[in-house]
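Colleague: Sharing a structure with you now.
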């Protein structure tokens with residue numbers, strides 16, 4: 001388990017099925033860090049550590065989390081199982097797989113039964129970053145500091161886009 005450097009209790013849990021998911025999932029806590037949102041990261045496998053998953057998800061709200069970001073590959077049951085055990089918003093990030101390039105993970109996360117919602121993001125790095133931004137948007141609804149940080153982030157992103165193309169060098 002890793003927590004952000006801030007002394008405030010974590011508001012976002014970033015969980016993943018295995019250590020190999022960290023290469024992609026690390027972009028979520030990096031984005032949260034930029035926005036000043038405290039987080040906690042941990043490995044919670046739906047298949048290999050089901051009791052850890054159950055304990056984590058059942059106690060997530062009482063421990064102060066407001067959002068869960070869950071990254072998983074292959075069968076990708078982690079986001080859905082987490083959503084079935086907690087009333088908190090769960091954002092699922094599909095990992096790219098060798099066999100199907102992450103489509104298996106994406107479809108597993110997207111195809112949830114009615115009543116167990118999971119917000120499905122893009123496959124890979126973009127999904128991890130966008131999951132953090134969505135978590136920030138949820139938290140910003142009740143936290144003016146996070147709303148301001150998110151507004152600033154978006155303004156910096158817009159300012160970084162050139163208004164005109166540069167001539168190609170040749």
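From the backbone N, Cα and C atoms, a Cβ is placed for every residue, glycine too.
TrEMBL lists these features:
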- 18, 21, 48: substrate binding site (BINDING)
- 10-161: domain 'PurE' (DOMAIN)
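Neighbours and distances for these, please.
Modeller: Long-range C-beta contacts of residue 21 (substrate binding site), restricted to its own chain and to partners at least six residues apart, with a cutoff below 8 Å, comprise 71, 72, 73, 95.
For the domain 'PurE' (10-161), the model gives a mean pLDDT of 97.
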Colleague: Pick out which of the binding-site residues 18, 48 has the most other Cβ atoms within 10 Å of its own Cβ.
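Modeller: Ranked by Cβ atoms within 10 Å, first place goes to 18.
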Colleague: Please classify the secondary structure at residue 48 (substrate binding site) using three-state DSSP.
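Modeller: SS state of residue 48 (substrate binding site) = coil.
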